[in-house]
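Read the structure below first, then the notes.
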Amino acid sequence: MKLGIVGLPNVGKSTLFNSLTKAGAESANYPFCTIDPNVGVVPVPDFRLGLLANMYNSRKITPAVIEFVDIAGLVKGASKGEGLGNQFLANIREVDAIVHVVRCFDDSNVVHVDGSVDPIRDIETINLELVFADLEVLERRISKTARSAMNDKSLASELKTLKKLKEVLEEGKEAKTLVPEDEDEEAFIASLNLLTDKPVIYAANVAEDDLADDGASCPYVQKVREFAAAEGSQVFVICAQIEQEIAELDDDEKKMFLEDLGLKESGLEKLIAASYDLLGLISYLTAGEQETRAWTIRKGTKAPQAAGKIHSDFERGFIRAEVVNYQDLLDAGTYAAAREKGLIGLEGKDYVVKDGDVILFRFNV
Ligand code: GDP
């Protein structure tokens, strides 16, 4: 899963990104090591892993990860190729969702590109750039499809959808506001990979003082919340500067620091949880002496496809899955005890995997 961080210059994107990558760099092993400077691989906090690893005496814990991509260079006119526009657009097309950082702090030392702090104006500036970028893609696609449609009648419905999307965008609205007529249309729209079709989380970057009540008394945050509610997006409140400080601390220090601020978890943890939720993701677990590990899947994924996350052979040769809820397993104390108590289910290819399932796959090679 990949999240792209966007926002106007000077709103706190790099500060947030640096604290994310710092937090990631100091945590356990993760499976991918090729880290681009613009990509941070961040582990998904999961208390269940430590508990299971303890029970199994695992040599290694491997958390699920989320990738964050720092997409700098979005300014007014980006879609017209000013600044880093085109590179930006290429990067952002690949992401599953967008984290839109919005400046909600006053600080006369930090210059605002448009002269004043105004979160809604900022959001609209960025969103309009995304709309323009999508319009360009659509116009190109429409002329191509219109040409092909002369010889291929089956393209008529695609052309119709493309034109509907163009109308929506020309009104300044996002592609995701178009309600698809049926599953085919929905799939076709998804295949276009439009920027304004991607889910968005707004990250309201507040001053330290506004953290404790989660931005409730900050007028900037209230505005962002109203705006996001109207379009069905989520908002979460962070202070990028504090996150950067937290990222420097070890676990014990971090806990104390958060308690002092009256917080239960860091903004980054909130962000990761919100992204998981937004994208409809869950984790299932595998546990053993060698490794205890979390695997990310979409809600509704069936056992063979979940197995395929580990290895494509597991999916191809899937026979069945032995499944036990992590809490049941911990309560039983050992896998053998869980089996004796009848807590381990033998599941077939139609089993829908649940969050927190500990799974052992049986497969043919
Ligand atoms: P970017 O251009 O969006 O990547 O912004 P940066 O992360 O580089 O931040 C721009 C400036 O704002 C830097 O000087 C940061 O130290 C400062 N900054 C970032 N987050 C905060 C914050 O939460 N509060 C305050 N007061 N300053 C911040």
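Quick reminder: no glycine exception, Cβ is built from N, Cα and C everywhere.
The shown structure was predicted, so the numbers you read here are calculated from the model rather than taken from an experiment.
Annotated features, as they stand in TrEMBL:
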DOMAIN    1-258  domain 'OBG-type G'
BINDING   Asn10, Val11, Gly12, Lys13, Ser14, Thr15  ATP binding site
DOMAIN    280-363  domain 'TGS'
**Complete:** For Ser14 (ATP binding site), the three-state DSSP class is helix
**Request:** Indicate the candidate from Asn10, Val11, Lys13, Thr15 with the smallest number of other Cβ atoms within 10 Å of its Cβ, considering only these binding-site residues.
**Result:** Asn10
**Message:** Neighbours of the ATP site Asn10, Val11, Gly12, Lys13, Ser14, Thr15: Cβ within 8 Å of the Cβ centroid, same chain, sequence order.
**Reply:** Gly7, Pro9, Leu16, Val101, Arg103, Asn205, Ala240
**Request:** Calculate the per-residue pLDDT averaged over the domain 'OBG-type G' (1-258) and state the result as an integer.
**Result:** 85
**Fill in**
the domain 'TGS' (280-363) resolves under DSSP into 26 helix, 33 strand, 25 coil
